[in-house]
Amino acid sequence: MLDSQLAAYEKFKSSSSQSRDNEARSRRSKLSNDPSLPRLNSIHQGRVVKIMEFGAFIQMVDVTQQGLVHRAQLSNHRVEEVADVVQVNDSVWVKIVDIDEDDSGKVKIGLSMKYVNQGNGDDLDTGNVNYGRELENRKKGNVASTFNRAPIELTDAVMMSVVCRKCGGKGHLPSECFNGPDTKYELIPEDEELDYDLTKKRERSHKREHSHRKEHKSKKHKKRKRETSRSAR
């Protein structure tokens, strides 16, 4: 009895899920054919206008409505902080990967940056194979999904290869940069850092020793002067 009830529930759940998917596909298909909306899978240049915890809002040059680049679509690597990848007013290339409506009927435009060459705007997923596979993986809860990848450990070796977009220096993220646009600083490699510290320590030691000798000579000279003065009396 219990097995038959469970089987009936699973069948109902599968049927309900399939019905929702069909409705979503039908809705998206209708929106993609709306001439007042941008074309699905088209590439656009835009500007970052707002950063949120879950992604970045982009104002595209030739589209009135803003679109959202979800955090999972910013980069091929897992992104912990959106500000590590983009900042407000950054110029970016985006691909329209989804056009849908929310419960109120408002159109939502989903964008991706990782499937577009940020240098020249070339489409890096022309057949939408990678994006389609990513959606399937996420729907199934597959750990191979881009969003579910383990975060990359920021070791010294990794950090040395990071180039800051703000100042052009290496060894730090944009969110860690405290320099103005005309100044740079770079992470000093471990061996050089050790040599640098040792050199500074030696310099400080020599200065202290020189100061001590100078002070000792001055005291000795004053003492000799007092003794000479007493003898003269």
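Including glycine, each Cβ sits where the backbone N, Cα and C put it.
TrEMBL has this to say about the protein:
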type: COMPBIAS; residues: 201-227; note: compositional bias 'Basic residues'
type: DOMAIN; residues: 41-114; note: domain 'S1 motif'
type: DOMAIN; residues: 164-177; note: domain 'CCHC-type'
type: REGION; residues: 1-39; note: region 'Disordered'
type: REGION; residues: 189-233; note: region 'Disordered'
**OP:** Could you put numbers on the helix, strand and coil content of the domain 'S1 motif' (41-114), residue by residue per DSSP?
**Re:** 6 helix, 37 strand, 31 coil
**OP:** Take the domain 'S1 motif' (41-114) and average the pLDDT across it for me.
**Re:** 94
